[in-house]
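Pulled these from TrEMBL:
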| type | residues | note |
| --- | --- | --- |
| ACT_SITE | Glu180 | active site, proton donor/acceptor |
| ACT_SITE | Glu256 | active site, nucleophile |
| DOMAIN | 37-331 | domain 'Glycosyl hydrolase family 59 catalytic' |
| DOMAIN | 339-454 | domain 'Glycosyl hydrolase family 59 central' |
| DOMAIN | 490-663 | domain 'Glycosyl hydrolase family 59 C-terminal lectin' |
| SIGNAL | 1-22 | signal peptide |
Amino acid sequence: MQRSRVCVSVLFLALSVHFSSSQTYVLDDKGGLGRLFDGIGGLSGGGATSRLLVNYAEPYRSQILDYLFKPNFGASLHILKVEIGGDAQTTDGTEPSHMHYENDENYFRGYEWWLMKEAKKRNPNITLIGLPWAFPAWVGRGKNWPYDYPDITASYVVNWILGAKQYHNLDIQYVGIWNERKYDIKYIKLLRYTLDKSGLDWVRIIASDNLWEPIALSVLLDPELSSAVDVIGAHYPGTTTVADALKTQKKLWSSEDYSTFNDEVGGGCWARILNQNYVNGNMTATISWNLVASYYEELPFGREGLMTAKEPWSGNYVVESPIWITAHTTQFTQPGWTYLRTVGHLAGGGSYVALTDGKGNLTVVIETMTHDHSVCIRPPLPPFHVTSQNATFQLNGSFASIKELQVWRSQFNFKTKTPSLFEKLKPLKLIDGSFTLNLSEDEVYTFTTMTTGQKGVYPDPPAPAGFPKAYKDDFNVRNPPFSEAPHFADQTGVFEYYINLTDPGPHTFTLRQVVTERPVTWVADADQTISVIGDYQWQNLTVTCDVFMESVDSGGVFIAARVNKGGESVRSANGVFFWVFADGTYKVTNDLAGQTVLAEGLSGTRAYGWNTLSLTVNGQLASGQLNGYPLWKNAVVLNPKNGWAAIGTRSFELAQFDNFAVVAD
């Protein structure tokens with residue numbers, strides 16, 4: 001009788017059958033349940049990882065958002081975590097602060113407000129989290145450290161949460177505390193106090209949103225700190241936790257994870273950690289950095305999102321494998337479900353988890369990812385072995401009466417390079433609560449009582465295309481939907497739309513660099529501000545822009561071509577930089593730092609006057625014009641051979657830009 005049950009179950013799944021020994025795994029709730037499931041999410045920010053998404057035209061932008069957030073369609077994410085912008089470089093760009101200066105508040109800058117509202121529109125129950133990676137300079141009071149004045153920092157963060165509610169009707173449920181170097185216990189306690197005093201006692205704190213220790217031990221030793229912290233969050237925990245974290249009895253989250261190139265191996269990484277973060281580490285939420293790879297791919301950590309949307313000019317986007325791996329869990333569970341205690345590793349390698357809503361529904365997710373096909377970017381992955389195996393699952397307790405399970409399967413098929421992702425198979429009939437599988441390597445299965453799953457699909461988006469070779473922007477937008485101009489990716493400083501009320505002429509609407517002091521940051525921001533745009537493969541091009549300096553004597557601005565670095569490497573960017581200064585001089589350099597000078601001389605430029613700069617790079621020669629007249633020519637440029645166009649300033653200073661144009665061969 002047992003033999004016939006094996007045949008029925010396995011053949012129903014169209015799997016090969018080998019009547020070898022089968023390990024039995026019992027799924028049971030009689031002895032109680034495990035931890036409460038808090039969800040799977042994506043992270044926008046840390047930094048500027050969704051920058052290009054806002055510039056997509058419809059219907060493509062809404063389609064991308066549907067693949068990310070729409071329930072029972074694609075990734076169907078439970079959690080959206082966003083950066084609280086701090087005017088600083090935080091990996092792939094800068095995001096604007098709601099308070100550039102101490103007496104300044106604006107809750108419409110950037111695109112995270114918009115993204116949270118779009119996510120909420122699709123899933124009203126989505127959990128929203130905010131985390132600052134950096135802070136405006138005034139928060140640090142002259143130091144590159146945000147916690148010497150914890151009352152100021154706490155008020156700054158709480159203002160963002162209050163602004164989310166007041167201006168966007170967004171309830172931020174969690175706020176993170178993170179710094180690359182260390183966290184501050186006094187600040188955590190003061191943040192809890194400030195939240196409560198502001199009527200935000202329902203906002204929970206994640207700490208330290210970095211490493212398990214020393215925060216876990218601190219929570220154990222300090223009752224006041226323990227009462228302030230609701231979640232212990234770790235970044236890239238490698239699916240494991242530490243004893244002290246478990247002793248706290250707090251929720252344990254992988255509050256930033258994945259960060260892996262989103263090909264099939266990246267999908268395998270995501271499949272493995274989504275299961276094993278709970279099996280090995282009791283983590284009840286896992287959040288992917290990043291949500292969507294919507295930034296120039298040549299920036300650091302290119303294409304390390306759940307999907308890719310880096311060409312708003314063409315409309316092209318790619319629904320990568322991590323979207324469908326996410327769906328294996330998110331479409332058949334919800335935050336508030338509970339893990340069974342009976343979860344674990346498979347005898348032949350791989351893992352299984354099971355969750356229930358407590359109302360009779362059950363979802364089981366199985367993964368058999370091999371080592372080399374599931375390597376994440378960090379931490380190093382110890383060796384392990386996975387082999388084909390038979391596995392019998394016996395449903396006991398309240399699940400014993402289940403007669404049928406829906407089946408969804410992903411097979412990566414690395415040998416044939418023909419992956420089959422999130423495929424719905426015929427329902428599986430159970431006999432006496434039992435079913436047996438023949439599991440091959442590199443597969444993911446979901447068995448569930450839920451019947452609402454769907455593999456959403458839209459018509460293919462347009463084909464990929466390079467950035468337009470002729471592009472211009474006059475920034476004449478009276479009511480811009482976003483504070484950033486399309487396609488510009490700020491790498492140090494913040495460049496915002498600006499209405500110049502003192503100039504009712506041709507330069508009323510401009511782009512303005514607004515950061516005037518070096519922010520509090522953990523990344524090595526450049527000493528100059530810079531925003532890049534265009535095609536990284538550009539070699540021969542002409543860049544033209546009107547510029548306006550606002551710092552007398554010390555002011556300086558540039559336009560550039562062939563800029564070869566950005567993100568956290570921006571300090572060492574090379575290219576061809578054409579500078580003019582408010583002291584009446586100019587300079588041409590081969591680097592952003594201005595150390596390698598190719599040409600220099602007098603320009604006659606001053607602050608508070610408009611000038612038109614034009615830079616042409618062709619082969620190994622570059623030339624520049626000022627206000628339509630040649631200023632320098634035939635500067636020899638040996639390297640770099642290609643890169644973005646850019647605009648920027650000499651230091652953290654106010655300056656304006658208008659009538660930007662680029663023409664590339």
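Yeah, the Cβs are placed from backbone N, Cα and C, and that goes for glycine too.
Values in this document were obtained by computation on a predicted structure and should not be read as measured data.
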Near the Cβ of the residue listed as 'active site, nucleophile', how many other Cβ atoms are there if near means within 10 Å?
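For the residue listed as 'active site, nucleophile', the count of other Cβ atoms within 10 Å is 24.
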Please average pLDDT over the domain 'Glycosyl hydrolase family 59 central' (339-454) for the predicted structure.
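Taking every residue in the domain 'Glycosyl hydrolase family 59 central' (339-454) and averaging pLDDT yields 98.
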How many of the residues that make up the domain 'Glycosyl hydrolase family 59 central' (339-454) does DSSP mark as helix, as strand and as coil?
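Summed by class, the stretch gives 3 helix, 54 strand, 59 coil.
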